[in-house]
Amino acid sequence: MTENIKSITMGLFGWVKKRVRFRIRDGTDLESEILNIIAGPIYLYTILSVWVLMMFEVIPYFYISTCLLHRCFITTVLVEMMSNWLCMMYVSNKFSPGLAQDRCMDDIKNIKHSNNGLLPQTEAASVANKQKLYWYWRPCLSCNISRPPRCYHCPMCYTCILKRDHHCFFARSCIGLHNQRHFIVFLAWASLGTTYSALHFVYYFLKVYWSHVSILDLFAPFTLIRWIFGYSSLYLTHTMLTATFMIFFILLSTTFLINQVELIAKGITTFESKVIDRGKVKVTDSRNLNDKIRAVFGSYWALNFLVPLHLIFRPVEDPLNWPSIKIT
Ligand SMILES: [Zn+2]
Ligand SMILES: [Zn+2]
């Protein structure tokens, strides 16, 4: 029995050690890897706790005749967030090397590339060359394939992602060509749901909890410490943790949502917005706003906010040639 436990423990330890070493060697860091592991459970804990809190405590306290209506609303938010979160995880943006392997340019094969999609750092590279290189097909040294413009390797996903926007730690997946729509719909429902819940919760907290909690309980880390030493209940600690994460998610989802709307209007990705900020290259999309929206959501974009439609209405986009994109 003891031997079995020992061998299982050693096996697990070896697996973790090997995994951590491999990830660091492969172009990521320990902080990102830890974030990649804990962000998803934090999201699930928060969303489910908020739903339970609203359904069985806050909404019944405020509403009697319209209780069912409010419960339906908060459940709709939960279903929309969860379905789009799952789509963010499982809708693939992986670039298939069979599409055009021979398009890799021989003259740039030997240029040293970074694995996280940064521009090639050659000493003599002029601005013009950087602009040109940015739009070439380039080799991915990790996947051993050539990749089209706007396609970058993600060290966390271990693959090349079409129109890579960024790696989302909460979904443990990259946001790119096919799942950006789910990311935006998720953010919209998250902003709406968390704001609605927080406004109700603050008022509920002042009415119900305020008179018998310590001021220290307002800050989740202190509540946690007070609970450990027996000064606070487990339920209050859980409620304050939920409230803290809820406020955090309001700020995060709203900020990301505004940012994504701006990016769609410009027709660029998060990565490209940083490149533009650094003055390296300027990426512009010559399409009108309607076409830029269709490039992300496909046709009938508004329907995506009710039902995931990535299998029916694909993004109206050419992910290999990008005919409407101009680099200056
Ligand atoms: Zn790759
Ligand atoms: Zn990724």
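Quick reminder: no glycine exception, Cβ is built from N, Cα and C everywhere.
Pulled from TrEMBL, these are the features on record:
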{"type": "DOMAIN", "residues": "138-273", "note": "domain 'Palmitoyltransferase DHHC'"}
{"type": "TRANSMEM", "residues": "34-54", "note": "transmembrane segment"}
{"type": "TRANSMEM", "residues": "60-79", "note": "transmembrane segment"}
{"type": "TRANSMEM", "residues": "183-203", "note": "transmembrane segment"}
{"type": "TRANSMEM", "residues": "209-229", "note": "transmembrane segment"}
{"type": "TRANSMEM", "residues": "241-258", "note": "transmembrane segment"}
Which of 60-79, 183-203, 209-229, 241-258 has the most Cβ pairs closer than 8 Å to the transmembrane segment (34-54)?
241-258
List the helix, strand and coil residue totals of the domain 'Palmitoyltransferase DHHC' (138-273) as derived from DSSP.
82 helix, 18 strand, 36 coil
Let me know the model's mean pLDDT on the domain 'Palmitoyltransferase DHHC' (138-273).
91
